[in-house]
């Protein structure tokens, strides 16, 4: 294999291994084949251009252009949008938001895939520039370490031994390729005075002898790989990562480790069909009729159904104001809850929770007012008693009928109608709302359509799910389902009609007792929340009354609101009249989200981390010296054919001159020896002349002559090395040892 192709292949291998270091960041593995293909194309492009005599700068510029074009093609494949120039920056912005608000491992997102693929291909271009363009293979550690550093520094949990091992093996692959190139060059005469020769030499018998330097390189690689992998195993267990406090996200929490938010709708069917309908929650409240105990809101809709999306979690127990609500201050209700035989990372609470008191470490999302346990403990609810104060938002139907569909802060998610939504679902959604002139009238029409027993039957024996196929079956085929399908169907139909919507999961109010309310496991429920200007998120109830009773009064049009047209003068804010529930005269106080608290790292772990990081840094810095020492020992081992030993000794002398800041003269070996000998003592000058003569005989004479003439060549070379380095000062000696220039020279 040609040396340039070997280095390119090693760069591709190193980049492929480096991509595994970012696996802890995302649960989406589709970026791997995309980035592998992109990395290979980028590096091969550089190889081809350099073979056509393109300079490093031109080849790198072409690679950057290729990455940009490839990124645009990928964006088109991900979005299928003809307005590519408009869609491309939106995909980037979506990916950035997803990464800012999700913790690891992130949920799949096309924007993140685009960012990962583009960034890794850019790093591949940089690695190829360093390794092949600038001919500095040892510097490959910089771009490889860049990919490793992102999860290593940004995650709140250990990245594991795989990342260390991949980084070490990738870097080792580049160094081995460079070592093999160096080994094959010994017989070609790497210096400018050398003639270009094959890596094989034909002897007097006509047979070809392979240089013994290649095995030496592999032995050196083994000596480096063994401690590197052992170190990876040790550090992978001991080294803590540096957490960036306070940012939690859709499927996790970024400040205190991997909080994996599950989709609570997955438990719906199992709980609804429990053989024993046991009590899981007990509560008392000052709200007549009890309260819905809400756990989570699912804003993201795709072919798989409604699910968690990117959210930001703030630590604290004082929540934000109700999102989107601008009306008079609602009455504050107090609910005291005891969790019995129930486990969840979500805290069941009335909407809209204002503040709560509960043991443990909790975080909340300002957009959904979802409260989750920051310690990722599902059993934290068991036997937990807590108190929640909540805003009792109860709109008036007549006022709500005049409200426009609002624009929530996460409207890009909660208003999205997927492009691949089956046409039959879109058509049905529009037929159901035909004749409804306002967003409220459309929402009421959808709810009435789904609650009509002539249209649908409540049945908990249906298969779970709320994806495209499940909704098609529910709405157009069997027309049977339970709350998951009813809620998801209304949320989907509302979005088609221009109303932001999401699915909430929690519990029905339960059964009233002498001391309060008992909530049973079969009371687990899902319902849609629709967003109206001035009111924010409003609960609707499309599940038939056999399970839920009467729908909320504000979702049933009053006689004067059923056909109110939406005019340009219509108010988008609630009426100044008090809502149907008794309102407090106080105004809604300012309650900014509680600032995230920093994660505390123990002093002992910090010391271990700093020490381990220092060890890794020292080992990386020591790698060039280790390679140079191993190379010198292989050259002066006195093994192999005599002419190979001569070339190895000559190459070692040349590298010694370069390491100590000298310049290797041009010309024949004897001319080089004469010029270098001017700086040496007489005895050393004589030894150098004898070595130069041996080199010329090895290269140009039919035979080297007496093999005994090279018997003391290793000792002579070692003596000449000392003579060449004698004038150097301490700093120059240290630089020559730690950063040997011969490893980074430009080869021709």
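First residue shown is number 1, and so on along the chain.
Cβ atoms here come from the backbone N, Cα and C positions, even for glycine.
Remember, TrEMBL labels are computer predictions, not curated facts.
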(request) Can you dig out which of the ranges 438-491, 492-545, 546-599 TrEMBL describes as region 'Disordered'? (result) 546-599
(message) transmembrane segment per TrEMBL: which of the ranges 161-180, 181-200 is that?
(response) 161-180
(message) Looking only at the domain 'Transglutaminase-like' (475-544), what is the model's average confidence as pLDDT?
(response) 94
(request) Summarise the domain 'Transglutaminase-like' (475-544) by DSSP state, stating how many residues are helix, strand and coil. (result) 20 helix, 30 strand, 20 coil
